[in-house]
Each structure stands twice: as C-alpha cells, then as structure tokens.
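Okay, so here's the structure we're looking at.
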Amino acid sequence: MLISKTLIFYQVVNIVSQKGSGKRRWKMENGDRYVYVVDVSKCYGCLSCVAACAAENNVPVGYFRTWVERYAMNGRVAFVPKICNHCDNPSCVHACPVNATYKTEEGLVLIDDEICIGCGACIQACPYGARFRNPVKGTADKCTLCNHRIPERLPACVESCPTSARVYGKMSDKAVKEILSKKNAVVLKAYTGNEPHTYYVSLTGVE
C-alpha cells in the first residue's frame, strides 16, 4: 500500500555539456530492440543518475530528464527512478500537431527540435510526466536514452549507477533476458494503453 509520495529534487549547478544534441541513428538486427530495466531493490537514492544525465545532456537547472521518487510503503522506503518510458504506442506522438515527436524503428521516442513549436500538447499527453518545455530552446524536452552514445556506450544514467539498478540493452542480451525472466517485471500505468517499454522489477504499489 502506498503511504506517501515525495519527489526528490536534485539541483545540478554549473554543469554544461553539448554532447546530447545529435540525431544519431543505428541499425538493429533481426527486429531486436533496446529496453530499459530498473531494479528498485538496488536503488538507494544517491542521485548519481540525475547528475550524470544533467551533465551529459545539458539539462537546464531545475528541470529533469530523469528523476528519483521516494515512496514509503509497508514500513520501508523505496526509491523509484523515473524516465521517459519510450512507449510502443506513445500518446505524445499521437498528440503532436506537427509530427515533431516520433518513434524510431529502434524503439526510441524522440523530438525533432527543428520542427517542434513548443505548444506543449505532448507534455500534456504524457501520462508519466516525463516531458517539459525547455526554457532555453522553447521546445519540448525529455529523456533520449542518450541515443548519441549508443551502441558504443550506455546511457549516462546507467553508466553512472553504482549499484547497477538501471540496465539498458537489447532484448536479446543475456543480462536483460535474465532479469526479465527471473524477476516479476512490470510496467507503469499499463492501463493507459501506451505500452511502455521501461520495465521495473522489485516494485509493488507504485505508479
């Protein structure tokens, strides 16, 4: 049972990077795709992921592409990392009036800054609160899973996690298959029909 919910705010100051602005694409083989898995039992709220994301993607201070929520449940505290779920049926894509938000064949949901008019329709449509209007660019912004780093490197949040609470890889990867097969993997807000492709394990009573 969910007792309380508190957002953990983490402010990163004077961290500047332009690494996350590319539109890089890579080719998948045999219909494989990338997925993101979070093991809540391994997260203790250190926020290394939040800081790494901000540095890698030049996220404005006070805004977040990834964040960590703290829940008190059944006498224990659970830290739950949140990001864009890169859904298979993304409501944000359907809501965009100019087709600036799109889904790639690799499974990512991305935003074309050159097309986005900053109307906010996609922000309102996202059931996960994963989008915001970038105050510098004036366009919608969100997690890209550091697509400019893949496949040579992992997303910054995954690479920086000291407990390996975040896992990112192809569905065919051994590590991903093992986690999804041995643990009770769930998605958030499945009832929305968005078909999210971010999976959580060791999670109970959190949306």
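Along the chain as shown, the residues are counted starting at 1.
Just so you know, glycine gets a Cβ as well, placed from its N, Cα and C.
Feature annotation from Swiss-Prot assigns signal peptide to 1-28. Per Swiss-Prot, the feature domain '4Fe-4S ferredoxin-type 1' maps to 34-63; the stated evidence is sequence analysis. Annotated [4Fe-4S] cluster 1 binding site per Swiss-Prot: Cys43, Cys46, Cys49, Cys161, in sequence order. Annotation source Swiss-Prot lists [4Fe-4S] cluster 2 binding site at Cys53, Cys143, Cys146, Cys157. Per Swiss-Prot, domain '4Fe-4S ferredoxin-type 2' is recorded for 75-106. Swiss-Prot lists Cys84, Cys87, Cys92, Cys126 with the feature [4Fe-4S] cluster 3 binding site, giving similarity to another entry as the kind of evidence. Swiss-Prot lists Cys96, Cys116, Cys119, Cys122 with the feature [4Fe-4S] cluster 4 binding site. Among the features that Swiss-Prot reports, domain '4Fe-4S ferredoxin-type 3' is placed at 107-136, with the record citing sequence analysis.
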Extra residues within 8 Å (Cβ to Cβ centroid of Cys84, Cys87, Cys92, Cys126), [4Fe-4S] cluster 3: Asn85, His86, Pro90, Ser91, Val93, Val109, Cys122, Ala125, Pro127, Tyr128, Ala130, Arg131, Lys142, Asn194
Cβ atoms near Cys49 ([4Fe-4S] cluster 1 binding site) (within 10 Å, other residues, all chains): 26
Secondary structure composition of the domain '4Fe-4S ferredoxin-type 2' (75-106) [DSSP: H/G/I, E/B, coil]: 5 helix, 10 strand, 17 coil
Nonlocal residues around Cys96 ([4Fe-4S] cluster 4 binding site), in sequence order (Cβ under 8 Å, 6 or more apart): Cys116, Ala121, Cys122
Whole-number Å value for how far Cys92 ([4Fe-4S] cluster 3 binding site) lies from Cys119 ([4Fe-4S] cluster 4 binding site) (Cα to Cα): 12
Shell list ([4Fe-4S] cluster 4; ref centroid = CB of Cys96, Cys116, Cys119, Cys122; cutoff 8 A): Cys92, Ala95, Pro97, Val98, Ala100, Thr101, Ile111, Ile117, Gly118, Gly120, Ala121, Ile123, Thr139, Ala140
The one of Cys87, Cys116, Cys119, Cys126, Cys146 whose CB sees the fewest other CB atoms within 10 Å, among these binding-site residues: Cys119
Overall pLDDT for the domain '4Fe-4S ferredoxin-type 2' (75-106), taken as the rounded mean: 95
Pairwise CA distance, Cys84 ([4Fe-4S] cluster 3 binding site) versus Cys143 ([4Fe-4S] cluster 2 binding site), rounded so that it is a whole Å: 6
Protein Cβ atoms within 10 Å of Cys92 ([4Fe-4S] cluster 3 binding site), excluding its own: 26
